[in-house]
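For reference, the structure is listed below as structure tokens.
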Amino acid sequence: MAKDVEGPEGFQTRDYEDPPPTPFFDADELTKWSLYRAVIAEFVATLLFLYITVLTVIGYKIQSDTKAGGVDCGGVGILGIAWAFGGMIFILVYCTAGISGGHINPAVTFGLFLARKVSLIRAVLYMVAQCLGAICGVGFVKAFQSSYYDRYGGGANSLADGYNTGTGLAAEIIGTFVLVYTVFSATDPKRNARDSHVPVLAPLPIGFAVFMVHLATIPITGTGINPARSFGAAVIYNKSKPWDDHWIFWVGPFIGAAIAAFYHQFVLRASGSKSLGSFRSAANV
């Protein structure tokens, strides 16, 4: 909640109060159309995200495959793939933030749930919608690129040769921490009260965080940092290697999201202790 107050120089500034923590379990949400509208928005956004990004990955591999008429350094390269992921997140967060919050990622939803920004019901429904949207998005890629999809790996995440499990897990934890920490910072109530007149300020750093993490971790894991993205690609591609490594792309992002939530709420924000107390109180009701 924000309100105009008189600054020291006579200018109008915006004061704010932290919104109250979301109830842990809010059954009343199930009766509201706004919840289902948000769930649909998450489904469609994740579908579009996976469709564009996995199509970009496969297109790059086609263009750079010298055995199939491609050329060395052909296609968009790793830089272009990173831009595709970061750019789509920027676009989709901008489009859906006012409807669902623009999570498009179970790890983001999990972090916001731990910080009492969303209820358990909303978090679970979002995660289900995100995973289903991811499956459908990759399914469209396979349907439209059936001759290339399996040949070029289906955009599925797996641990690259030469890297051990610990390295891959660490890459996913740290990468997701960067993303979720950016989400918390970009959507901070104090920042929103001050910069609410610039609506792109939240989607832009979130998309840029996704871009930077992809540049760093594509060579290691193909960059997950989004369990729905990894799950959707693994389901449609359905080969042993992505499934063998699949746990990394759930455990790593969830650990990274939890650390980011704790760091932002209980280290950087004084209101964190209040959220923790209200979480315990709600759990005991």
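Going from the start of the chain as shown, residues are counted 1 onward.
Including glycine, each Cβ sits where the backbone N, Cα and C put it.
Owing to the predicted nature of the structure, the values given are computational and were not obtained by experimental measurement.
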- Using Swiss-Prot as the source, do Pro23 and Asn164 end up on the same side of the membrane? no
- Note on the structure: Stretch winning on C-beta pairs under 8 A with the transmembrane segment (248-268) (pool: 38-58, 124-144, 166-186, 200-220) is 166-186
- Query: Do the transmembrane segment (166-186) and the transmembrane segment (124-144) come together with 3 or more C-beta pairs under 8 Å, pairs six or more apart in sequence?
  - Reply: no
- Here the stretch out of 38-58, 124-144, 200-220 with the most C-beta pairs under 8 Å to the transmembrane segment (75-95) is 200-220
- Query: Near the topological domain 'Extracellular' (145-165), which residues from the same chain, at least 6 beyond its ends, have a CB less than 8 A from one of its CBs?
  - Reply: 50, 53-55, 57-58, 61-62, 65, 138, 219-224, 229-230, 233-234, 236-237, 239, 241-242, 244-246, 248-249
